[in-house]
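What Swiss-Prot records for this protein:
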ACT_SITE  His65  active site, proton acceptor
BINDING   Asp66, Val69, Gly71, Asp73, Ser75  Ca(2+) 1 binding site
BINDING   Pro164  substrate binding site
BINDING   His194  heme b binding site
BINDING   Thr195, Asp247, Ser250, Asp255  Ca(2+) 2 binding site
DISULFID  Cys34-Cys116  disulfide bond
DISULFID  Cys67-Cys72  disulfide bond
DISULFID  Cys122-Cys325  disulfide bond
DISULFID  Cys201-Cys234  disulfide bond
CARBOHYD  Asn36  N-linked glycosylation site
CARBOHYD  Asn210  N-linked glycosylation site
SIGNAL    1-23  signal peptide
SITE      Arg61  site 'Transition state stabilizer'
Amino acid sequence: MGLSKTIPLVLLPILMFGVLSNAQLTSDFYSTTCPNVTAIARGLIERASRNDVRLTAKVMRLHFHDCFVNGCDGSVLLDAAPADGVEGEKEAFQNAGSLDGFEVIDDIKTALENVCPGVVSCADILAIAAEISVALAGGPSLDVLLGRRDGRTAIRADAVAALPLGPDSLEILTSKFSVHNLDTTDLVALSGAHTFGRVQCGVINNRLHNFSGNSGQSDPSIEPEFLQTLRRQCPQGGDLTARANLDPTSPDSFDNDYFKNLQNNRGVIESDQILFSSTGAPTVSLVNRFAENQNEFFTNFARSMIKMGNVRILTGREGEIRRDCRRVN
């Protein structure tokens, strides 16, 4: 498959706009207007994660699903409000019933509004919360840049089109990333976030029990013993909302075991395993490098997170600073 795609000319104005806007983001954006923003967010995430070991992965996923749909503008947090032109990305089938962690973002926003009202955007709260969550799980320091503003709409159909799916081919995955000026290294590094968290059985049901439309058949790329483990966790005809660990080796730690699992054909989601199973693809060597060297994975993940966090941002007078992350002002 052709993985190094030429970016269509129609996308260049969007990408150029993103580059120009990124220059307005800084690591110390709130140093005078809300200097305790990170400390406040960290305290609330630490407290919430003591009661929910999965929280850090949930928050990381929120940030990813925000940035991949029309940029990092906090739109994923908006509840559906048709009168305000908000369809709600939460209702996209990739998100419905599985996207979580909204409550801790609400708590952070409430706390910040009490000390520095109208200053910190919900989009930035997501970026800060993702940074903290990765660190709490043992991952690298991200040093996120700040200064985003919040969008005023959310479009369900855009979320359906933009977000990766479990059965996506490598070509489709690469295309979905390249739209955001994210390359193959970004694809593999960011996929490494599946080193923690869970997946609903509905996402992998066909891979385990109905692969390529063949009833009773499974994806032949799954290591046989691991297949039986997954089938016990997600039996045919079972609860599709039940969950399986994305990284069965160290499910709640941010490390490079995800890539080692791929090498052993123990990737849980088809679009994860395909990074290693696609013979001759440049993703294979990246999986091998990250499996061998955790520091190299951490370095590339941090770089890719900053890059993703700058996708089609709103700055200056664009958008707004929401008072409530769930609704527009």
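Cβ from N, Cα, C; glycine included.
The distance from the Cα of Thr195 (Ca(2+) 2 binding site) to the Cα of Asn210 (N-linked glycosylation site) comes to 26 Å. Of all the disulfide-bonded residues listed here (Cys122, Cys325), the one with the fewest other CB atoms within 10 A of its own CB is Cys325. Annotation for the binding-site residues Gly71, Pro164: lowest Cβ count within 10 Å of the residue's own Cβ, Pro164. Here is what falls inside 10 Å of the CA of Ser75 (Ca(2+) 1 binding site) among the recorded positions Arg61, Cys116, Cys122, Cys234: Cys122. Neighbour counts were taken at the CB atom with a 10 A radius for the disulfide-bonded residues Cys34, Cys201, Cys234; the maximum falls on Cys234. In sequence order, Phe196, Thr249, Pro251, Ser253, Phe254, Asn256, Asp257, Tyr258 are the residues of the same chain, not among Thr195, Asp247, Ser250, Asp255, whose CB sits within 8 A of the CB centroid for the Ca(2+) 2 site. Cys72 (disulfide bond) falls outside any helix or strand according to DSSP and counts as coil. Counting other Cβ atoms within 10 Å of each Cβ, the lowest count among the binding-site residues Asp66, Asp73, Asp247, Asp255 belongs to Asp255.
It is 7 Å from the Cα atom of Cys67 (disulfide bond) to that of Asp73 (Ca(2+) 1 binding site). Every protein chain shown contributes to the tally, and the Cβ of Arg61 (site 'Transition state stabilizer') ends up with 22 other Cβ atoms within 10 Å. Put simply, Cys234 (disulfide bond) is 22 Å from Arg61 (site 'Transition state stabilizer') when counted between their Cα atoms. Relative to Asp73 (Ca(2+) 1 binding site), the recorded positions with Cα atoms inside 10 Å are Cys122, the candidates having been Cys34, Asn36, Cys122, His194, Asn210, Cys234.
DSSP assigns Asp247 (Ca(2+) 2 binding site) to coil in the three-state reduction, placing it in neither a helix nor a strand. For the recorded Ca(2+) 1 site, residues Asp66, Val69, Gly71, Asp73, Ser75 set the reference point as the centre of their Cβ atoms, and the other residues of that chain within 8 Å of it by Cβ are Cys67, Phe68, Asn70, Cys72, Gly74, Val76, Glu89, Ala123, Gly151, Ala154, Arg312.
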